[in-house]
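A.B. asks: The signal peptide feature in Swiss-Prot is assigned to 1-26. Feature annotation from Swiss-Prot assigns domain 'UPAR/Ly6' to 27-119. For CYS29-CYS53, CYS32-CYS41, CYS46-CYS74, CYS78-CYS98, CYS99-CYS104, the entry in Swiss-Prot reads disulfide bond, with the evidence type similarity to another entry. Summarising the annotation, Swiss-Prot assigns GPI-anchor amidated glycine to GLY112 and lists sequence analysis as the type of evidence.
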Amino acid sequence: MDSCHTTKSCVLILLVVLLCAERAQGLECYNCLGVSLGIACKSITCPYPDAVCISQQVELIVDSQRRKVKNKLCFPFCPANLENMEILGTTVNVNTSCCKEDLCNAPFSTGGSTWTMTRVLLLNLGSVFLQTLL
């Protein structure tokens with residue numbers, strides 16, 4: 001009976017370690033600044049402990065000519081949207097969205113990171129394994 005209890009404890013500790021592993025690695029976000037809307041961005045690991053991934057659509061208006069670009073980055077906090085801000089004769093509109101999951105600032109849904117899907121799978125397998133030990 002003591003051996004069974006030890007096995008359960010080891011499995012539980014392993015599951016907790018695996019579930020916490022992703023945060024120890026840091027949040028991953030796509031990162032690019034001022035690129036055209038169709039251009040892909042590379043991913044980076046954020047250096048900030050409580051980071052958010054940011055996706056921005058920026059519209060620049062100069063003499064009635066419009067140009068749209070995107071920014072994707074990680075940041076320590078979520079900045080506010082900017083509407084009709086005048087900078088040196090240029091009107092700037094920035095639509096910002098923030099999220100806290102790995103690679104969540106993609107232009108389309110990625111279905112989650114590999115680590116997130118692995119954690120869900122391990123959690124399900126671990127719970128089944130614990131039920132069989134009980």
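Cβ atoms are placed via backbone N, Cα and C, with glycine included.
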A.B. asks: Using Cα coordinates, what distance in whole Å links CYS98 (disulfide bond) and CYS29 (disulfide bond)?
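C.D. replies: Here the two Cα atoms lie 11 Å apart.
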A.B. asks: I'd like to know which of the disulfide-bonded residues CYS29, CYS74, CYS78, CYS98 has the most other Cβ atoms within 10 Å of its Cβ.
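C.D. replies: Result for the most crowded candidate: CYS29.
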A.B. asks: Mind checking how the domain 'UPAR/Ly6' (27-119) divides into helix, strand and coil residues in DSSP?
C.D. replies: 6 helix, 50 strand, 37 coil
A.B. asks: How many Å lie between the Cα of CYS74 (disulfide bond) and the Cα of CYS99 (disulfide bond)?
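C.D. replies: The separation of the Cα atoms works out to 10 Å.
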A.B. asks: Please report how many Å separate the Cα atom of CYS53 (disulfide bond) from that of CYS104 (disulfide bond), as a whole number.
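C.D. replies: The separation of the Cα atoms works out to 7 Å.
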A.B. asks: Hey, how far is CYS78 (disulfide bond) from CYS41 (disulfide bond), Cα to Cα, in Å?
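C.D. replies: So the Cα of CYS41 (disulfide bond) lies 20 Å away from that of CYS78 (disulfide bond).
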A.B. asks: If you count other C-beta atoms within 10 angstroms, which of the disulfide-bonded residues CYS32, CYS41, CYS46, CYS53 is the most crowded?
C.D. replies: CYS53
A.B. asks: For CYS104 (disulfide bond) and CYS41 (disulfide bond), determine the Cα separation and express it in whole Å.
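C.D. replies: Distance (Cα to Cα, whole Å): 13 Å.
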A.B. asks: So among CYS41, CYS46, CYS99, all listed as disulfide-bonded residues, which is physically nearest to CYS29 (disulfide bond)? Use the C-alpha atoms.
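C.D. replies: Nearest listed residue in space: CYS46.
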